[in-house]
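K.L.:
My questions will all concern the structure given below.
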Amino acid sequence: MSGISLSSYRRVTVKIGSALLVDRAAGLKREWLAALVDDIARLMSAGTEVLVVSSGAIALGRTVLGLGKRTLRLEESQAAAAVGQIALAGAWSGELGRHGLISGQVLVTLGDTEERRRYLNARATISTLLKMKAVPVINENDTVATSEIRYGDNDRLAARVATMMGGDLLILLSDVDGLYTAPPERDPAAKFIPVVDAITPEIMAMGGAAASELSRGGMRTKLDAGRIATAAGTAMIIASGKERGPLSAIERGARATLFKPSPTPVRAYKTWIAGQLEPAGRIGIDDGALRALLQGKSLLPAGVRRVEGVFSRGDTVAIVDSAGREIGRGLVAYDAADAVKIAGLKTGDIAGILGYEARAAMVHRDDLVLSGPTGELMDRKVEGIDVAGA
């Protein structure tokens with residue numbers, strides 16, 4: 001793959017994996033970080049805005065605290081994160097300061113990108129940092145996040161940040177140098193894929209486990225991140241960060257996989273809906289409702305066959321077809337209890353069941369994003385309708 005001019009992008013989000021930044025015995029890899037910051041400073045001097053999503057708080061904290069390799073309890077992980085976050089923020093501040101740059105730490109939880117009001121507030125804060133020429137250094141707030149309310153990996157967090165901020169490139173740096181047809185450590189015949197035009201089910205199937213002990217992510221989470229990013233019009237690169245100056249290495253043509261952005265990205269409001277990581281519930285629809293959605297119509301109760309989960313009006317729900325495949329997400333107009341009551345009913349019968357005059361649509365088309373497992377419309381046909389071309 002020929003070199004990519006990173007300075008040709010307007011706003012770049014760089015995600016750094018824990019294993020790149022932290023050595024279990026020695027702690028923070030300061031020389032590696034210094035070389036990366038040199039790259040960042042060079043990009044910024046060329047006019048490119050840079051956001052950093054930095055893993056490593058727990059890994060660094062457990063090294064500082066001498067917690068070893070054993071599996072940590074939740075409270076131990078959170079304590080390690082508390083120690084690691086301070087050390088990590090100080091390291092970023094010091095290295096960026098060598099170039100006269102200011103860093104701003106932003107710690108987020110799942111709710112900061114999944115709840116609309118907090119999403120807008122987080123976006124405004126980071127936008128202000130960028131306007132002030134500061135470098136946002138973003139991480140999940142592992143001191144308060146629990147397994148039930150967390151991203152679970154910084155790949156998807158980075159994709160949410162990149163799309164939230166309208167970035168045009170996301171770079172995932174880790175200990176893998178791109179996408180292969182199979183995990184190369186297990187299959188010597190695995191072939192490297194330099195460019196991905198669209199994240200199809202076949203591409204998703206290539207996502208084997210590629211996580212190291214110090215990181216939580218693997219190739220599957222990187223492909224999940226790619227679905228979020230590319231659907232919103234953000235290109236993505238998966239590259240190895242093992243070499244010092246990894247961004248310069250990408251520009252020199254080091255092995256990396258480029259995921260092209262969708263040619264028809266969804267607008268900002270729908271980007272937020274489509275990128276929701278944890279839908280509150282699922283609504284199963286019949287083929288007639290699917291045809292209507294593909295024609296740009298709203299989802300009416302008559303086409304709903306099942307309702308799963310506990311959700312409130314305004315929550316994001318996944319919409320699945322008769323085979324159980326997710327074909328879209330949207331903001332539901334009813335809470336779960338009422339949705340169950342009116343599933344399958346004609347619009348004129350709803351008021352008699354609920355006892356009040358209600359909305360005609362279960363999910364209005366303005367609050368709906370069609371997206372298959374690939375982040376694009378599904379490549380299949382439903383009774384003569386070409387979903388891929390709809």
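Using the three backbone atoms N, Cα and C, a Cβ is placed for every residue, glycine included.
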K.L.:
Need a hand: Swiss-Prot gives Ser174, Asp175 for ATP, which of Lys15, Lys29, Lys341 is also on that list?
P.N.:
Lys15
K.L.:
Out of Asp142, Asp168, which does Swiss-Prot tie to the same substrate site as Ser55, Asn154?
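P.N.:
Candidate listed by Swiss-Prot for the same site: Asp142.
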K.L.:
Across the listed substrate-binding residues, Ser55, Asp142, Asn154, what is the farthest Cα to Cα distance, given in whole Å?
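P.N.:
Those residues reach a largest Cα separation of 11 Å.
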K.L.:
Sorry to bug you, but what's the C-alpha spacing from Asn154 (substrate binding site) to Lys15 (ATP binding site), rounded to the closest Å?
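P.N.:
The Cα atom of Lys15 (ATP binding site) is 7 Å away from the Cα atom of Asn154 (substrate binding site).
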K.L.:
Would you mind pulling the DSSP three-state label for Ser174 (ATP binding site)?
P.N.:
strand
K.L.:
In Å, rounded, how far does the Cα of Ser174 (ATP binding site) sit from the Cα of Ser55 (substrate binding site)?
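P.N.:
Cα of Ser174 (ATP binding site) to Cα of Ser55 (substrate binding site) measures 10 Å after rounding.
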K.L.:
Just to verify a number: CA distance, Ser55 (substrate binding site) to Asp175 (ATP binding site), in angstrom, no decimals.
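P.N.:
It is 13 Å, counting Cα to Cα.
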